[in-house]
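Here is the structure we will look at.
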Amino acid sequence: MKMLGPAVGYSLASFFLKVYIAPDLTPSITNTDPRWLGAWWAGWAVLGSLLLFMAFLISMFPQTMPRTIIRRREARARGEQVEQSASSEKASLSDMIDTVKRLLKNKIYMCNTLAAIFYMFGFMPFWMYTPKYIEVQYRVSAARASFFTGSVGLVFSAFGILISGFVITKFKPTARCLAMWNVFVSIIAVCATITYPFLGCNESDMQSRQMVLHKDEVQQACNLNCDCDFVKYSPVCSEDGQTTFISACHAGCRDFAMEDNKKIFTDCSCIPSPIGAAAFQLSEDSIEVSNFSVQDLASNNDSVLTTSTPSSFISNLPQFLGGRAFSGPCPVDCTAMFYSYIALVCLLKFTGASGRTSNFLVSVRCVSERDKATSLGFGMMLFSFFVFIPSPIIFGYIIDSTCVVWGKTCTRKGNCWLYEGESMRYIMNFTAAVFVAIGTLFDVGTWYYVKNLQIFEANRDENMGTKEERELINVQRADNGELAKPIKVADRADSE
């Protein structure tokens, strides 16, 4: 359930992001508009209620599980020494320090934990920034990106956990088999992460470069006096569907009109009119002018306007400019690469879920019983310090380093408007691959040290022991041997 949690969260995000941030208001834009703000806060209300309910259920667990008690009694009956759990010892600072020292000296535990730390460090950006990554690379909406992330993660992670759980329960593999599977999963993860940079969308990359070009270079010609520095990101597409501008201001648009409840920007000095998109032939002088660019016309480039250019052509020059623009970026077809990316994510979700199950089993079996609770807490502390805190910061910085157009406020730099998709793919994925590769080395170390580790106890007759011991299990057996409804027994079990 812990592994499926993020997938469920993404599904919730997909639903709530389609709802406007203030549900009592009716926005004038749709959820495909880059200015759209979804009801991100609504998910917290749902999750908070679920957490309270789950906390109540967890509080009902006993201090010691009944099967653990009967197992200790059986061990004593055979004359074996039984370790006391940490809960039965008096807590002290010195005892905690001794426990941590034992964990640090436990080679299996440390290799297995470090392998999980580096694996999760490399994949933390994919869990946190996948919707943003999909938006940038394949030009899909935030709600759709969260939907694909959540649905893919939920279904394939669930299959990975269920199938691996069935295989482990059915065949009871040795510790070395489980550790080797983790090595195999990590190798697949490294290969898949290296493949991601090559699953980019060329049309999306070209669109990003177009917007940067028209902001930095063409700005000096066709929208020089428009003062677009503080205009918010609101992309528009030229009427020929070929060029995307950061905003109507950057396209040099001076007016707008409404057609079918859609805003159409007109008189755009950076966009050619329909007559200017084709070759303009002057019948009076029989001179054909073709193969020119909008930038040439907008900047009165001498290569187009020469001394031999007829005056009648110059007088007709305004017909070439003043085109129209439509709200939203120009459509790009990234379907093939997007589904290739999703297919690879499916494979990675499936294998990754199965591998983390093996990792957890090794972690809880390689430490003594008195150290189990501390090992789980100590491991979570390591994850917090070395994964959950630094990884989002580092990869957030990497993503910001690929920003090519920043918004501006009166006093400082604002939000990023536009990312360079190709740079983001290569830097983000190759960095992640390095961390996962380091984790693979620790998985190999775990495989080497677990050769004598016993994951499963020898099969024993569960009906072994006295009537009092069997009653201590707190269950009654049905005729077919299945667990039936628990029955209430005396509290004398705690004294043991």
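Note: Cβ is positioned from N, Cα and C throughout, glycine not excepted.
Positions annotated as transmembrane segment by TrEMBL: 37-61 (among others). Counting same-chain residues at least six beyond the ends of the transmembrane segment (37-61), those with a Cβ under 8 angstroms from any Cβ of the stretch are 9, 12-13, 16-21, 23, 31, 142-143.
Marked as transmembrane segment by TrEMBL: 108-127 (among others).
The transmembrane segment feature in TrEMBL is assigned to 147-168 (among others).
Among the features that TrEMBL reports, transmembrane segment is placed at 180-199 (among others).
According to TrEMBL, the domain 'Kazal-like' annotation covers 216-272.
Residues 3, 123, 134, 137-138, 140, 148, 152-153, 156-161, 163-164, 181-182, 184-186, 188-189, 192, 195-196, 199-201 of the same chain, all 6+ positions outside the transmembrane segment (336-355), place their C-beta atoms under 8 angstroms from a C-beta of that stretch. As annotated by TrEMBL, transmembrane segment applies to 336-355 (among others).
According to TrEMBL, the transmembrane segment annotation covers 376-399 (among others). Same-chain residues lying 6 or more positions outside the transmembrane segment (376-399) and placing a CB less than 8 Å from one of its CB atoms are 100, 103, 113, 116-117, 120-121, 124-125, 128-129, 132, 363-364, 419, 424, 427-428, 431-432.
The transmembrane segment annotation in TrEMBL covers 427-450 (among others).
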Problem - Confidence summary (mean pLDDT) of the domain 'Kazal-like' (216-272) - result: 79
Problem - Same-chain residue ranges lying at least 6 outside the transmembrane segment (108-127) that approach it to Cβ under 8 Å - result: 6, 133, 179, 182, 186, 189, 193, 352, 356, 359, 362-363, 366-367, 375, 379, 382-383, 386-388, 390-392, 395, 398-399, 428, 431-436, 438-440, 442-443, 445-446, 449-450, 453
